[in-house]
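*Asks:* Take this structure, written in structure tokens, and hold onto it; I'll ask about it next.
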């Protein structure tokens, strides 16, 4: 029996609140168990210097944990005058995950800024940020599409992320913090609704793991991705109909 009574192949309860803030073009407050993340998407009508003149857009992400998102106060990055390595790794991961399902050429020379702020952390903050940010991204892109329809709708597929791991020799899905801190193996999996992998990050925290264990964890992660994408689809409802069509229907 897991700490919160879940089955091994069950993700935590997910609650999504769209249009959470009024200024961002896309804004989602996502709660996965006790992990809570605010995901805002802002649109700029320009691209970074290295993209100028290419006709393509860009998606970049920033990730931040509020000081009391954790059990003890976390010092803000600005107070240290630098971004810590973990933060840099996670925001790059979020950016890569979202770019993987967007046709940047179809987007045009615009930058989509993804801001993910962790309000409360109980494991899986990066996976929660990716899954929530995708919904906010759809809302932001749809705003553009309704004002001036894209020739090719830029979002090609859904993308979501989950964690899996081995705890007490049990393979489990969507680890909370207590489970994560005891994990022999910890892995983050990002996939599309088409079953394609975007990224797999796996670490043997205490000991190496076998190819057979890796395969089992990937299968478990795929089950979790399907659950999370179902949540995304239920949240977006009719606003998800353009995804993957490439057209203006």
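Glycine too: its Cβ is placed from the backbone N, Cα and C atoms.
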*Asks:* The phosphate site in Swiss-Prot includes 124, 125, 126. Which of 86, 99, 156 is also listed there?
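*Replies:* Among 86, 99, 156, only 86 appears alongside 124, 125, 126 as phosphate-binding in Swiss-Prot.
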*Asks:* Quick check: which same-chain residues outside 86, 124, 125, 126 lie with their CB within 8 A of the centre of the phosphate site CB atoms?
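*Replies:* After dropping the recorded site residues, what remains is 63, 90, 118, 121, 123, 127, 128, 129, 188.
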*Asks:* Sorted by position, what residues of the same chain at least six away from residue 125 (phosphate binding site) have a C-beta under 8 A from it?
*Replies:* 35, 37, 65, 90, 118
*Asks:* I'd like the number of other C-beta atoms within 10 A of the C-beta of residue 124 (phosphate binding site), please.
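*Replies:* The Cβ of residue 124 (phosphate binding site) has 26 Cβ neighbours within 10 Å.
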